[in-house]
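For 21-41, 86-106, 113-133, 139-160, 172-190, 202-223, 284-309, 321-343, 350-370, 390-412, 424-448, 454-474, the entry in TrEMBL reads transmembrane segment. Marked as domain 'Major facilitator superfamily (MFS) profile' by TrEMBL: 28-478.
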C-alpha cells in the first residue's frame, strides 16, 4: 500500500525497494493501457466489415460474386481474394516499418511522444477509411492506422513496465492486453449493430476507430513521463521526484540508484541495434523475436480479424457469424481478466504452458470437426449441434490464448530488456509481431482454400513446438525488477554461458526466482 511501507518485490524475486502500490500509478497505467484500444478495435472491426455485403459490393464485387454465384464449389474458397486480404493485412506492414521509427523517437523524446504520434496517425487513418470512395483510400487509411498501431504498440508496453512496481508489473502491463480485448469486443458489438443499418454501416464501423485514437491522444498529454525516460534525457531531479510519487515513499534511494546505474550503462551504448546483437543480450534478442512469432503462429488472429468470415465460410448465417464473433470477443475479454490475477500469482511459465496445451487440444478438435463435415472437397453443411461444438471449442481456444500468449506476448519482451537495449528490443518485438500478423492476414484465406481443415492441424503443430520452446528455455521472470533481469539469465542452465558476471547490476546473484 501507499505510505512508505517496506515491501518485497514479488516475494523475494529481486531487491526490495521502499514504497508500494499507489492509486496514482494504478490510474496512470490504466490510462496508458488504453493505447491497446487502437490495436484491439482494428483487430475486431476488419473481419466484420469484410463480411458486410454492401462493403463487398462497393470495393470487392468479385468476392460478392464468388459468394452469390457459387463460382467455387468448395466452402473453403468463398473469400479467397488477395485484394480483400490486403485490406486487412496492409495495416500490419505499415506497423512493422513504423515500429523502427518509434524506437528512435521513444528513446530520444520519451514514451509519451510516441504515444501521441500513434494516436494522431490512427485518428487520421480512421477518417480516411470512414470517407473512402475507392480501394486506394481504404489502403491509405489502413497504412495510417498501421503507423498508429506501430507507435502505440512500441511505446505503451514499455511505459507500463517502467511505471509499475515489480510485484504487480504483470497485472498492470496486462492492462494493455485487456484494452486490446475491450477494443475487439467493442468492434464486434459495433459490427453487429451497424450490419442492421440500411446503408453505410461499414462507414460507421470504420469511422468509430477515431474514438480510441482520441483517447490515446488525450492520454499522451495528461500522463506523466516515466523515471527511466526522464533519466535518459538528463532530468535526474525530476526523475527522482516522479519515482517518489509513483512509489508513494520519500526514501527511494536504492531503486533510484539502480535506475541511474542502468541509465549510465545505457548512455555508453552508442548503437543499441548493434549492441543488442552482443552475446550478453542473446536471451533478450531471442525472446523478443521468438515470442511475437509464436504468438501469431498460434492462429489467434485468424479468429480475431477473420471470425465473421470464418463462421460464414462454415455455414453460419450473417447474423449468426457476427454474433459468434461477439461471443468469442466476450470470452477473450473475460479470460484476460484471469491473466491479470494469475500472471503475478502463478508466474509467466505456468500460464504459457497451460495455455499452450489448451490451445493445442482445441485446434485439433476444431480441425477434426470441420474435416468430418466438409472433408477435402469443402461440400457439406453443419448441423446446429456441430456448429455449437465448433463455436464452443473455438471459445475454449480463445480463452487459453487470452490468459497466456495474448498478454504474456507483450509483457515478457517488455520486461526482459535492460534500458540500454529496451527501445530496440521492443521494436523487434513489435516488428516481428506485425510482420507475421501481416502474413497471416494476407494469406490465411488462401491457405484455408488450399490446406482446408488441415490448416488447423498446422496451427496446432506450431502451438506444440512453441510450448516445448517455453518449457526448456524461458526462466520465470515474475517479480524480478527489470534492471536486475540479468541475474535470472545467469542462473539458467542454457543462457548462463552468454551472460558475463559484470552484466549483473549490483553483483547480486542469489535471487529466489527459480529458473529452469
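Each residue, glycine too, has its Cβ placed from N, Cα and C.
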Two-stretch contact, the transmembrane segment (284-309) and the transmembrane segment (390-412), at least three Cβ pairs under 8 Å: yes
Per-residue pLDDT averaged over the domain 'Major facilitator superfamily (MFS) profile' (28-478), given as an integer: 85
CB contact flag for the transmembrane segment (113-133) and the transmembrane segment (390-412), at least three pairs under 8 A: no
Proximity verdict for the transmembrane segment (139-160) and the transmembrane segment (424-448), three or more C-beta pairs under 8 Å: yes
Range from 86-106, 172-190, 202-223, 321-343, 424-448 with most C-beta pairs under 8 A to the transmembrane segment (454-474): 424-448
Same-chain residues near the transmembrane segment (424-448), Cβ under 8 Å, at least 6 residues beyond its ends: 76-77, 79-82, 84-86, 88-90, 92-93, 95-96, 99-100, 102-103, 106, 146, 149-150, 153-154, 157-158, 272-273, 275-276, 284-285, 288-289, 291-293, 295-297, 299, 301-302, 305-306, 309, 313, 409-410, 413-414, 416-417, 455
Contact between the transmembrane segment (172-190) and the transmembrane segment (350-370) (3 or more Cβ pairs under 8 Å, separation 6+): no
